[in-house]
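So the structure is just underneath, and the comments pick up after that.
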Amino acid sequence: MFSRFSRVIPRTAAAFTATRTFSTASKQFNTQQSSNTARFLKYAATGVALTTAAAFGIANCADKTPFQGVPGTKNERTFIAIKPDGTARGLIGEIIHRFERKGYKLVAIKILHPTKEQAEAHYADLSSKPFFNGLVKFFSSGAIVAMVWEGKGVIKGGRSLVGATDPAQSLPGSIRGDLCVEVGRNIVHGSDGPESAQHEIKLWFKENEFAEWNSIQPVYEN
């Protein structure tokens, strides 16, 4: 009996030793596994953070541009206003769409009802004209949409999109050529040159009313 028992003890001890060895190895493996997992998660989190930061930077970090723009560059800016008749006719979206489709970038916009004084200041260069009072009265008769658009050649390009002062002389495809028939109700205003653009932008907007952002297309070069 003792002989049989003596044979069992070594086998039990060996099994116990093997179990402990396996347990120790398992713990080491699990520890290593946990370490690798933690390291992977750390690197993954870092990668996600960097990727997110890069994406955020691309989407939101635009170079600071003087709020009146830089004529002759991709940061040239112009002032466009949808007049009371254009606003009343529900043409705001149509007009904005045409500028966006061309590839220009909207950097400032607001809707307001101009005062008589604001209208007089806006048309100050026409103060000696016989139609000045009527122009001021109409421009201050309802809500307008004041906008600043940015892009290469946007002053001249904006005027082309707007069309001639007289809708009858405006080319088909222009805003006035397509959407109005009367000179006195020609729905939109656009700066006619670099000096007037800078003057009008400063007249209607403050520097803190602009949004700096990067558009994807088109890609312009200076």
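Cβ atoms here come from the backbone N, Cα and C positions, even for glycine.
TrEMBL has this to say about the protein:
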type	residues	note
ACT_SITE	His189	active site, pros-phosphohistidine intermediate
BINDING	Lys83, Phe131, Arg159, Thr165, Arg176, Asn186	ATP binding site
DOMAIN	75-212	domain 'Nucleoside diphosphate kinase-like'
Residue counts (helix, strand, coil, in that order) that DSSP gives for the domain 'Nucleoside diphosphate kinase-like' (75-212): 68 helix, 26 strand, 44 coil
Which has the fewest other CB atoms in a 10 Å radius around its CB: Thr165, Asn186, the listed binding-site residues? Thr165
Span of the ATP site, taken as the largest CA to CA distance across Lys83, Phe131, Arg159, Thr165, Arg176, Asn186 (Å, rounded to a whole number): 22
Cα-Cα separation of Lys83 (ATP binding site) and His189 (active site, pros-phosphohistidine intermediate), in Å? 7
Taking the Cβ of Arg159 (ATP binding site) as reference, which residues of that chain separated by at least 6 in sequence fall under 8 Å from it? Gly190, Ser191, Asp192
Quick tally, other C-beta within 10 angstroms, Phe131, His189; top of the recorded positions is His189
Local confidence of the prediction over the domain 'Nucleoside diphosphate kinase-like' (75-212), expressed as mean pLDDT: 97
Once the chains shown are all counted, how many other Cβ atoms turn up within 10 Å of the Cβ of Lys83 (ATP binding site)? 23
How long is the line from the C-alpha of Phe131 (ATP binding site) to the C-alpha of the residue listed as 'active site, pros-phosphohistidine intermediate', rounded to the nearest angstrom? 16
List every residue in the same chain as Arg176 (ATP binding site), at least 6 positions away in sequence, whose Cβ is under 8 Å from its Cβ. Val162, Gly163, Ala164, Thr165, Pro167, Ser170, Asn186, Ile187, Val188
